[in-house]
Every structure is written in C-alpha cells, then in structure tokens.
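Quick notes on the structure that follows.
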Amino acid sequence: MNKSTAERITGKVLSYLVFFCFAAVTILPFLWMTSTAFKFEQDVFRFPIEWIPSSIRWKNFQDVFTKIPYLNYYWNSIRLSVIITVLTLLTSSLAAYSFAKLRYRGRDQLFLLYLATLMVPWQVIMIPQFMVISKLKLADTHLSLILTQSFTPFGVFLLRQAFMGISEEYSQAAKIDGCTHLEICFRIILPMVKPGLSALTIFTFMGCWNDYLAPLIFLTSNSKRTLQLGLKYFQAEHSTSFALLMAGTLMALIPVLIVYVMAQKQIIKGMANAGGIKG
C-alpha cells in the first residue's frame, strides 16, 4: 500500500467518523423522545438510561387525548399549515413569475429590495404586525396567522431561481399560441419546476407546523390554539409531565414525516436548482 492510498483511506475513515458523530447527535434526541413516550413518569430520568423501557405504558397516549383537547389542537395545526402552504405556493409562484419572466423597469431592484427583507427578523416586526391585526379586529382569529404568513421572500427567491432556469422559448411559443401570462405560469412553467415547488411545500409546512411564537401572540382562545401551544399544558411551573409531553410530541411528528418522506427527492433537486443567483 503506497502513501497516497493510505492517506485516501484515512481521509475516508475520518469523514465517515465525522458523519457518524453528526448522525448520532441528530438521532439520539429522537430515540430518547420515543423511549420516554412509552415510560412511566418515574422511569424517565432513571440512570442508566433505559432506551427500551422495561415496563411499557401505552396509557400515555390515551392520557394525552383526555387531559387536553389534543384532537382540536391537531386539527387547528393541520388546517392552518395546509391553508398557509397552499397560499404561499400561489403568491410565491405569481411573484416569482413576475421577477423572472416579465420585463419592466426596476424589476431587479424591486426583487433585491424584497429579498432584503429576509435580513429583518420576524421578532422585530411582530409588535407592529400585532398592532395592525388588532386595528383590523382580526386578533384571536386564524385569519391573522394566514394573512401574516402566506407571503415569504424565501419562497419567491426559491421559485424565481427555478423559473430563471427555464428557456424563454417555452414562453414565446405559448404566447404565439395565444396563452396569457397566467396560463403560461400555471400550465407551462409550474409543471417544469416541481422540485422547487416540493421544496417550498415542505419548508412552509414544517415552518407553520412547528411555529410557536406567532400563535402565542395572535391567539388567545383555547379552542383556536395550535398543537405547539397545546403541548405546553404538560409543562407546569414547578413540574413537567415528560412522558405525556413526549407522547404528544411523537404524534405531532407524524404529518411532518409523511410530507418529508413523500417529497425528499424533490427537495434535494429544488435546492440544487436554487443554488445560484441568476439574472
């Protein structure tokens, strides 16, 4: 074995070791959560850790539904996530088509200005947003969340990059056939950027599903709260029911996992297409 071969093998071994460490750091919390969801409360912090509980308590999942209106919170989260995701795809597609395929004065400058809003943290504008929502008498409604989260510069950027990679010949041919801009966007362009749409779908859905701060600010009625707020009920001031909290969290992961598994290949393609800034 020569020196170059030994160095190459050593490099691969070190790379795999680093990847294994990162994978372990990522997976272990999920394994602990899953294990805790099936434990009795007194066994949660037993040392050494029982990764496979000696006594499995299935009643944890039943208690989650009886102690809080879990199904109502679940439905609220699903409904909001789906509506916001669909509207985000619609608004981002139209804006991206405008910035990528239409020609008008100040287009690129307007796009950069809109993109610059990504640098402003939402925490900076949440109070002004709440004041506007209150003035419109939309506080404590799901509509307040829908209106404030259905427009995203990231989504416009992601789809614009995908649109820029499509030849103008398709648009020109469609115009010759008498298609309008809306028909070109929805019938010609969008079917060709499915990876980008899939990536935006899962990013938006996961962001809405996991959102805690916005529902906390805009929603006050218990019946309108989302799942992330509902799980907070298992955390008291002086104690936390970790077994029930982990059981509820484990069930809350199901929609996200389903969406991700269905679209993971498209996500990678979509992010690859958005890798470079064009135009």
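Backbone N, Cα and C atoms are what each Cβ position is placed from, and that goes for glycine too.
Whatever TrEMBL says is automated annotation, not expert-curated.
Taken from TrEMBL as is:
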DOMAIN    74-263  domain 'ABC transmembrane type-1'
TRANSMEM  12-32  transmembrane segment
TRANSMEM  78-99  transmembrane segment
TRANSMEM  111-131  transmembrane segment
TRANSMEM  143-163  transmembrane segment
TRANSMEM  197-221  transmembrane segment
TRANSMEM  241-263  transmembrane segment
Close approaches to the transmembrane segment (143-163) from elsewhere in its chain (Cβ under 8 angstroms; 6 or more beyond its ends): 80, 83-84, 87-89, 91-93, 95-97, 99-101, 111, 114-115, 117-118, 129, 133, 189, 193, 195-197, 199-200, 203-204, 208, 211, 214-215, 218-219, 270, 273-278
Residue numbers, six or more beyond the limits of the transmembrane segment (111-131), whose CB comes under 8 Å of its CB atoms: 95, 99, 139, 148, 153-154, 156-157, 160, 213-214, 217-218
